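As recorded in Swiss-Prot:
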type: BINDING; residues: 134-195; note: ATP binding site
type: BINDING; residues: Glu284, Asn286; note: Mg(2+) binding site
type: DOMAIN; residues: 108-314; note: domain 'ATP-grasp'
Amino acid sequence: MKLLVVGSGGREHAIAKKLLASKGVDQVFVAPGNDGMTLDGLDLVNIVVSEHSRLIAFAKENEISWAFIGPDDALAAGIVDDFNSAGLRAFGPTKAAAELEWSKDFAKEIMVKYNVPTAAYGTFSDFEKAKAYIEEQGAPIVVKADGLALGKGVVVAETVEQAVEAAQEMLLDNKFGDSGARVVIEEFLDGEEFSLFAFVNGDKFYIMPTAQDHKRAFDGDKGPNTGGMGAYAPVPHLPQSVVDTAVETIVRPVLEGMVAEGRPYLGVLYVGLILTADGPKVIEFNSRFGDPETQIILPRLTSDFAQNIDDIMMGIEPYITWQNDGVTLGVVVASEGYPLDYEKGVPLPEKTDGDIITYYAGAKFAENSELLLSNGGRVYMLVTTEDSVKAGQDKIYTQLAQQDTTGLFYRNDIGNKAIKE
């Protein structure tokens, strides 16, 4: 069986590597991928994510059994609909189902309609009305661009002035283009955040281990928001009862609601949750695997990944098993300056061997050379599975200390929250 993974980052590297390790899978193509993936025997296809017709033509020519769609913008642009219209299978939600991610206002409407716990909110396209709402509610308060903004469209404002400025940047200054033409303004929720992922087909879903991401650029959760600087799974200090509550009060009603709305969901659903004094509440939905969480969740899967996905798509009950001991922890290495301006072309250390997996996010071969250079904001991620968070930290940070990371940076405190508890 030949498979296609659409996307280019560390998430897609982890998905493609796991698929290639499955029985019955002979070849995995990644479009467009990045050069670091070739070190794991993956085949790159020079077609960008937005070129749906070229991807479909490639899939037909190469007798691809099905495609796994990685990035949010492809799903929001209807790539799954296009594959299905061409008679091809793709694992991911249709454009209508993916609206859970590409419109925060739509997600809020679904949650309100199906009684799913989330923050109180208002949606505005008029700046003066948004400003009046902010002044009425007070701070802290959260301002979100309605559409996709590369994970950077959320401002947690400590003051009313900050919130008004964020709303102005989105609504008047066009900071995120059409994505910020509407804003969702939410009450600030206090508590610890965690991620819950599920494989989904309609109202059938299969929960994955919990994960905790680290969004801020620098140690101590300082600095700007990023796509994510590291993660670990499972979250050892999170009681199973909280997960069970989240499944019954959030995941199940949302998926049943989507079926009732005529938008049945197929693919991976990410639920960003916060554990408040009133129990778990939804911060956001993503209509696909998270990055970097994929890179620490998939190494824990002990069943046949390709078979699992194939079964889920066919409506067959999958046999999914997970490693149930130890902790998988990963640290992202990014270009200095990320998530703002950064340089490309920094030489990268050699790929790790043994127990530490290297997933590449932004890597490119130097011309006529096997030397990998940085080619993005997040560059690579080191991942290991150990008995504890502490043991995972020791392993990864010892390895990083031995690598030449000139021109790159990483956080030194990934997993600390689990140790403090």
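Including glycine, each Cβ sits where the backbone N, Cα and C put it.
When the binding-site residues Asn174, Asn286 are compared by the number of other C-beta atoms lying within 10 angstroms of their own C-beta, Asn174 comes out lowest. Least crowded of the binding-site residues (Glu158, Asp190, Glu284), judged by neighbouring Cβ atoms within 10 Å of its own Cβ: Asp190.
Counting every protein chain shown, the Cβ of Ile134 (ATP binding site) has 24 other Cβ atoms within 10 Å. Ranking the binding-site residues Val142, Leu150, Ala166 by the number of CB atoms within 10 A of their own CB puts Ala166 at the top. The distance from the Cα of Glu158 (ATP binding site) to the Cα of Glu284 (Mg(2+) binding site) comes to 20 Å.
Ile134 (ATP binding site) sits 26 Å from Asn286 (Mg(2+) binding site), taking the Cα positions as reference. Arg182 (ATP binding site) counts 20 other C-beta atoms within 10 Å of its own C-beta, drawing on all protein chains shown.
A strand conformation is recorded for Val142 (ATP binding site) in the three-state DSSP classification. When the alpha carbons of Glu284 (Mg(2+) binding site) and Val142 (ATP binding site) are compared, the span between them is 12 angstrom. The distance from the Cα of Asn174 (ATP binding site) to the Cα of Asn286 (Mg(2+) binding site) comes to 23 Å.
DSSP assigns Glu284 (Mg(2+) binding site) to a strand in the three-state reduction. For the domain 'ATP-grasp' (108-314), the mean pLDDT of the prediction comes to 94. The separation of Asn286 (Mg(2+) binding site) from Leu150 (ATP binding site), Cα to Cα, is 12 Å.
A separation of roughly 22 Å, to the nearest angstrom, links the Cα atoms of Ala166 (ATP binding site) and Asn286 (Mg(2+) binding site).
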